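Working notes, beginning with the structure itself.
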Amino acid sequence: MANDRQTVVLITGCSSGIGLKLAIHLANDTKKQFYVIATMRNLNKKEQLEAAAGDTLNKTLHIRQLDVCSDESVTECLNSIQDKRVDILVNNAGIGKIGPIESLSIREMKSIFDTNFFGAVRIIKAVLPDMKRRRSGHIVMMSSVMGLQGVIFNDVYAASKFAMEGFCESLAVQLLKFNIYVSMIEPGPVNTEFEMKLMDEVSHSTFPGTDSETVQFFKDVYLPASRDIFATMGQTPDTIAEATIKVIKMERPVFRYQTNILYTPLTAMKYADDTGNMSIRMFYNLLFNHGTCFKISLSCLRIVTCSWFRSGAVSPN
Ligand SMILES: NC(=O)c1ccc[n+]([C@@H]2O[C@H](COP(=O)([O-])OP(=O)(O)OC[C@H]3O[C@@H](n4cnc5c(N)ncnc54)[C@H](OP(=O)(O)O)[C@@H]3O)[C@@H](O)[C@H]2O)c1
């Protein structure tokens, strides 16, 4: 049971990656100020989290089942929490999807939205009444730079994150009236199982319904560029966990928080040109006209960015 001085944090998607690291970092807080409810849809995957939790297990870290795509699962999880009190909700669960849209069925696309958008909305709806009643709370969303800037062959994933950004930007205004804060954490690439799952998925696909020119672009241009970008600019899930904790601990949390200093110029470009042409042309030229220059730039970047620089989160202050 959480004591009165502890902040109850519920995190979704803690079987791996960012969610797992965030749960562990919070549970290990030296002042034990957090009571972490680390949730996952499949408890058969809890071993990694249990092992990482060590002594904090069932003290400051508690594992519960929660599938963001199921009303029953969300209700059951909240009913298992004392007074259904959640001070901070971290909507972290998410799935990716890459590839030419011709080869993706509408059903597959809907499943991305079911998890990344409606899954997050489902839990927000469940915790809001109590947060509003107590006039206190913080909703933290694991968004992405792709919630601000579309990226080739990530069309549906980016759309799901854009949807979440629009939803939260609207909601944040209403919730301020109730002293409830909303924050978007916007990482660039993060080296977790996320990317591996995507690469594995496309390695088995024949891209039905897609013309050979597009498939060739995807396989020969996009995939190698994506691997290079993750190798060069990818952050660790620990870095994202630390950046998220920084926002969680703020007295007046900010709305947007980008974690990767190397990505801020890309998103800034979008706001610098309201026609949208600058960023679309720049991405086009980098991929299709100046591929060699792009590769050289990434290689140079790899050399000049030591791991310390790459792990540096952008401070909102
Ligand atoms: N990795 C990146 O490059 C990157 C960049 C920016 C933002 N993000 C965002 O960061 C978040 C975490 O991703 P990650 O990189 O840590 O990837 P990850 O290791 O694949 O973790 C994703 C987590 O979400 C869970 N999940 C998926 N569907 C779920 C559902 N219906 N209900 C509950 N949990 C579900 C997964 O559970 P299972 O193990 O059961 O599948 C897993 O625990 C995602 O929202 C992602 O969009 C990632």
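Cβ from N, Cα, C; glycine included.
TrEMBL entries are annotated by machine, without manual review.
On a predicted model such as this, the values are computed, not experimentally measured, just so you know.
In the three-state DSSP scheme, D29 (NADP(+) binding site) falls into the coil class. Residue density at D29 (NADP(+) binding site): 16 other Cβ atoms are found within 10 A of its Cβ, drawing on all protein chains shown. Annotation source TrEMBL lists NADP(+) binding site at 13-41, D67, K161.
Non-local contacts of S144 (substrate binding site) by the CB criterion (under 8 A, 6+ apart in sequence, same chain) comprise A158, K161, E186, P187, G188. S144 (substrate binding site) falls within neither a helix nor a strand when secondary structure is assigned with DSSP, and so counts as coil. Look at TrEMBL and you will find S144 tagged as substrate binding site.
Cβ neighbour count for Y157 (active site, proton acceptor): 24 (other Cβ atoms within 10 Å of its Cβ, all protein chains included). Feature annotation from TrEMBL assigns active site, proton acceptor to Y157.
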Problem set entry | Cβ neighbours of R41 (NADP(+) binding site) where a neighbour is any other Cβ within 10 Å | 19
For this session: Only counting partners 6 or more residues apart, tell me which same-chain residues put their Cβ under 8 Å from the Cβ of I37 (NADP(+) binding site).
Result: V8, V9, L10, I11, H62, R64, C77, I81, V86
For this session: Select, from G13, K21, Q33, R41, S144, each of the binding-site residues with a Cβ positioned under 6 A from at least one atom of ligand 1; if none does, say none.
Result: G13, R41, S144
Problem set entry | Neighbour count (Cβ, 10 Å) for G13 (NADP(+) binding site) | 26
For this session: Return the residues near H25 (NADP(+) binding site), defined as same-chain residues 6+ apart in sequence whose C-beta is under 8 angstroms from its C-beta, sorted by sequence, else 'none'.
Result: D238, A241, E242, I245
For this session: With an 8 Å cut-off on Cβ-Cβ distance and a minimum sequence separation of at least 6, pull the same-chain contacts of K21 (NADP(+) binding site), or say none.
Result: P237, D238, I240, A241
